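To start, the structure itself, in structure tokens.
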Ligand code: CP3
């Protein structure tokens, strides 16, 4: 399948990812397929999280739910950043109330037990899901599902550092102290883990593009925990390698990077990694950041998910201020982090109307 169409696309999100400033900006929301949707919660009772990710019928349906309901400009694959370590053989469970639980990687022996040769076969159902989604979104049956003008299909992975956080810690954390200690105490071992993730992430993203993803996003949710020297080593350098490897095979594919909580390091990240769009977290002021980033670079973001939870006039005011701050620049309207599970559906409906229809 050729996904690298050089013909100009009419899809608004894809145009913005290619550097065009559109008004109003195209929009989608991180974690738009999630527990805040009643139809998602209904599917949740039928299968556990990994089964949902690995069953193309279910993952396709879950990806499309927010597209049907809100007509988002982007459909993000229903999957998870922890699928890659799981595909290499690391044990993974999602425990209600706790989150992910993995068999922690703490030694060279643990690292050597990971088998990148398993990835292609283990992730085949994910790639099948992308192929089906692309056929649906671009096909004659898209009426009633996709947005007029087209829905862009997004693939994703975690970035090496963020995935390493979960792999080493063995669970979620606010600090990932064990992981950061390993990076300082056993730099050679940690470098090997990052190198393994860099290589497998690039290959997996290429496979996603070949299966039908039109753009990809790298989630680096915990990059902001690192001091500048380590940020350069474990975030900027691996991200640059991934971008180069993906673009060597797919020169036209657009890549969104999300170095969450990176603070002022976002400027260096934007200059040096080669990503096309930088996703801003909630704390980044779009006007200030805009002056720090190359003019041609797109931005994504960055409404506070809590503003959407709260809804009403405060949400609308914040949303319109962000929309205005992005005027004249390639801007993808989104949140600064994922939709919160308790968010009322009507607040998201109101947000979509506000961003699209306010003159
Ligand atoms: O809608 C989408 O955005 C697409 C799917 C998606 C999921 N996870 C589904 C998911 C995406 C893009 C992710 C990324 C992800 N996963 C990140 C990066 C973004 C971020 O939030 O910082 C991270 C750190 C993870 C790891 C992860 N997955 C955690 C910590 C958890 C548990 C916390 C939680 O919200 O339950 C998950 C589980 C997960 N991933 C769920 C979903 C819909 C919830 C599973 C359920 O139904 O119980």
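Glycine residues also receive a Cβ, built from the backbone N, Cα and C atoms like all the rest.
In TrEMBL, annotation is done automatically, which means it is predicted and not curated.
Look at TrEMBL and you will find 31, 32, 33, 34, 35, 80, 166, 221, 337 tagged as substrate binding site. Annotation source TrEMBL lists domain 'Uroporphyrinogen decarboxylase (URO-D)' at 26-35, 154-170. Taken from TrEMBL, the feature site 'Transition state stabilizer' applies to 80.
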The domain 'Uroporphyrinogen decarboxylase (URO-D)' (26-35): DSSP-derived helix, strand, coil residue counts: 0 helix, 1 strand, 9 coil
Composition by DSSP (helix, strand, coil) of residues within the domain 'Uroporphyrinogen decarboxylase (URO-D)' (154-170): 10 helix, 5 strand, 2 coil
Cβ contacts under 8 Å made by the domain 'Uroporphyrinogen decarboxylase (URO-D)' (26-35) with residues that lie 6+ beyond its boundaries: 12-13, 15-16, 41, 44, 62-63, 65-66, 70, 72-76, 78, 152, 154, 332-335, 337-339, 341, 348, 352, 355-356
Count of other CB atoms lying within 10 Å of the CB belonging to residue 31 (substrate binding site): 17
Neighbour count (Cβ, 10 Å) for residue 337 (substrate binding site): 22
Where residue 80 (site 'Transition state stabilizer') falls in three-state DSSP terms: coil
Residue 80 (site 'Transition state stabilizer'), number of other Cβ atoms within 10 Å: 20
Under 8 Å by Cβ from residue 35 (substrate binding site), same chain, sequence gap 6 or more: 41, 44, 341
Where residue 337 (substrate binding site) falls in three-state DSSP terms: coil
For the domain 'Uroporphyrinogen decarboxylase (URO-D)' (154-170), the mean pLDDT of the predicted model: 98
Integer Cα-Cα distance in angstrom, residue 31 (substrate binding site) to residue 80 (site 'Transition state stabilizer'): 10
Distance, residue 80 (site 'Transition state stabilizer') to residue 166 (substrate binding site) (CA atoms, angstrom): 12
Residue 33 (substrate binding site) versus residue 80 (site 'Transition state stabilizer') - Cα distance in angstrom: 12
For residue 33 (substrate binding site): intrachain residues, at least 6 apart, with Cβ closer than 8 Å: 40, 62, 63, 65, 66, 76, 78
Cβ neighbour count within 10 Å of residue 166 (substrate binding site): 27
